[in-house]
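Report on the following structure.
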Amino acid sequence: MHTTTLQRFVMTTMAVIAIFFGISILLSGHIFSNNSSFHDTFKLFPLWKNILFSLLLLCSITIVWWLSTKKESSVRFIFWYIIIFLVVGAIFFQPYKPVFDNFAVNLQAFHLVKDFPKCSWQQYFSIFPNNVAITNLLFWLDTPFKGIINTPEDLFFINACIGQGLMLFSIYQSMRLLDLIFDKKFGNVLLFFYILSPTYLMQFTQVAYSDTYSLPFLVASFRYVTQLLITVEDVNFKIFIKHLKNWYFIICSGLFMSLALYLRPNSIIALVAIIILSLLLMTKNRRTILLFLVSLVFFSEIITFTSNKTLAQTNYETNISKNNKMPIESWFLTAYYNGGRSGAKINQITDKYKDYDKRKSYIRSKLFTKLRSLGPIGIIATWKNKCNVLFGIKSDFGMQYFNSFRDWDSRQLKIRYKNLYDFLTPKMIQISLISVFTCICLLFFYAILFLKNKANITIYTQPKKMIFVLILGVFESLSLFYILLWEVQEHYVYMMLPFLLLIGSILSGYLAQKSIHILKHLSLRKQNFKH
């Protein structure tokens, strides 16, 4: 297949996916009456209010853009001040406590730190080895603080501080990406979007878990990979490898991606998207991608070696019994059986048989029966519903689950945190929803415009638009992983959120730039008319 034809096919496919996301979100709730989140925990705006506030947000972004042309540094300073206040302040006025699996991970890390070298692992981690990596990392990070860790609450606090630090690191990396590839005004728009995503800033990385710690490293790696690709497009490869700064990019991109993959193996979806799209859209990057992959393999081997050594020193026992393993079909069952969500119905099926082979056969039969009963239309409807869980106007970003706090034993603090939670959380959810809704709608309309003008495929030879396609590719690939192959929960949107906010910042930035140009032109015409 000719390269241009293949490019057109990939771009068209990505545009169609974006349109599917947009239609799903626009149909995800009531138009005029109020919506409710999952289990009716929170009351949320109807569609018309989301549209209204999205328009107000776009007007605000235009003002931010205009101010950034006058006082770019001042605007950036104010935005960073607000972000740091929200991220750091949340540790103290809304100190969210780990729940469910991340509670088990943090508790295991506490026992490893306190009992090392005479420590042991809970059987849970032999049955679900996917949570071993994050537990190892927490053990490495928390061990230097062993002298001040006396209770699990102490470890929760330290991990919250580390997590919020990673949050700021992630925001900085994504901002620098826009600064370097686009313009600092785009970076300011991105910071504004982050401010209007308070559930992400305040809650996500406080509860240390695999996705919360993996995502910042994925964002950082993406930033350095894109810098590599853009640099090699501008210079000869022999000149490229002579510059020390480029080797710094290679090392950072490989190191951070290896950490992201170690903590969250499904990050490989983003890696595959980056490699395929960069090879497809950029002509001079094959050797650069190879250097990145060599760096990735090198650091992955170091991390794997260190991890295995830690497991041996902490007496980790692998799951020897086959009957304790969960077949891969169970994940596909969860992806389609109960509307794409885990729950009691799924557990009744997966827990029916103790014998692994019988369990696998039973789960597989239930999965195929469900897929046949759904049919093509039902499967597409399931994808739509899962898309709504991630991005729709009835999402609460999982905040209904994160309603317990550190220092919960203090009655006075318990009342203070709960009152503040009841006051802040509905507002935080709605503000974050408007940010997500605006970004999805911008992408939706951009995809429609692209399909109308798709013959002009040559525009994607421009570096800025190639980077936009890479960002979109990572966003859509991660989203499709959850929509097509995995279960969904409201807070899973966070794995895609930085890339969605990058997309929204780029599109709204160009829209603001165009709007200001039109307003200036109209103002000039009025002045000329008066004369």
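Cβ coordinates are placed from backbone N, Cα and C, and glycine is handled just like the others.
TrEMBL lists 9-27 (among others) with the feature transmembrane segment.
Among the features that TrEMBL reports, transmembrane segment is placed at 47-66 (among others).
Residues or ranges marked as transmembrane segment in TrEMBL: 78-96 (among others).
Residues annotated as transmembrane segment in TrEMBL: 155-174 (among others). Outside the transmembrane segment (155-174) by six or more residues, the chain places 83-84, 87-88, 90-91, 95-98, 106, 109-110, 113, 138, 141-142, 145, 149, 190-191, 194, 201, 204-208, 212-213, 215-216, 219-220, 223, 406, 498, 501-502 with a CB less than 8 A from a CB of the stretch.
Remote same-chain partners of the transmembrane segment (186-207), defined as residues 6 or more beyond its termini with a Cβ less than 8 Å from a stretch Cβ, comprise 57, 60-61, 64-65, 68, 72, 75-76, 79-80, 82-83, 86-87, 90-91, 94-99, 102, 160, 163-164, 166-167, 171, 174-176, 178-179, 213, 216, 397, 399, 402, 428-429, 431-432, 434-436, 439, 491, 494, 497, 501-502, 504-506, 508-509, 512. Annotation comment: TrEMBL describes 186-207 (among others) as transmembrane segment.
According to TrEMBL, the transmembrane segment annotation covers 267-282 (among others).
Residues or ranges marked as transmembrane segment in TrEMBL: 289-307 (among others).
The feature transmembrane segment is assigned by TrEMBL to 428-451 (among others). Residues 11-12, 14-16, 18-19, 21-23, 25-26, 37, 42, 44-45, 50, 53-54, 57-58, 193, 196-200, 202, 391, 393, 395-397, 399, 472, 493, 497, 500-501, 503-504, 507-508, 511 of the same chain lie 6+ residues outside the transmembrane segment (428-451) yet bring a C-beta within less than 8 angstroms of a C-beta in it.
Feature annotation from TrEMBL assigns transmembrane segment to 467-486 (among others).
Annotation comment: TrEMBL describes 492-512 (among others) as transmembrane segment.
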Chain residues in Cβ proximity to the transmembrane segment (9-27) (below 8 Å; excluding those fewer than six residues from its ends, i.e. six or more beyond): 1, 47, 277, 280, 383-384, 387-388, 391-393, 437, 440-441, 443-448, 450-451, 454, 457, 460, 469, 472-473, 476, 479-480
Maximum Cβ pairs under 8 Å to the transmembrane segment (47-66) - stretch from the list 78-96, 289-307, 467-486, 492-512: 492-512
Surrounding residues of the transmembrane segment (289-307) on its own chain - C-beta under 8 Å, 6+ positions past either end: 133, 136, 225, 228, 241, 250-251, 253-255, 257-259, 261-262, 271, 275, 278-279
For the transmembrane segment (78-96), sequence-distant contacts whose Cβ falls under 8 Å of one of its Cβ atoms, 6 or more beyond its ends: 157, 160-161, 164, 167-168, 171, 188, 191-192, 194-195, 198, 201-203, 206-207, 402, 404-407, 417, 420-421, 424
Contacting positions for the transmembrane segment (492-512) when only residues 6+ beyond its ends and CB under 8 Å are counted: 58, 61-62, 64-66, 170, 174, 177-178, 182-183, 185-187, 189-190, 193-194, 197, 200, 204, 211-212, 215, 219, 222, 264, 389-391, 395, 397, 435-436, 438-440, 442-443, 446, 468, 471-472, 474-475, 478-479, 482
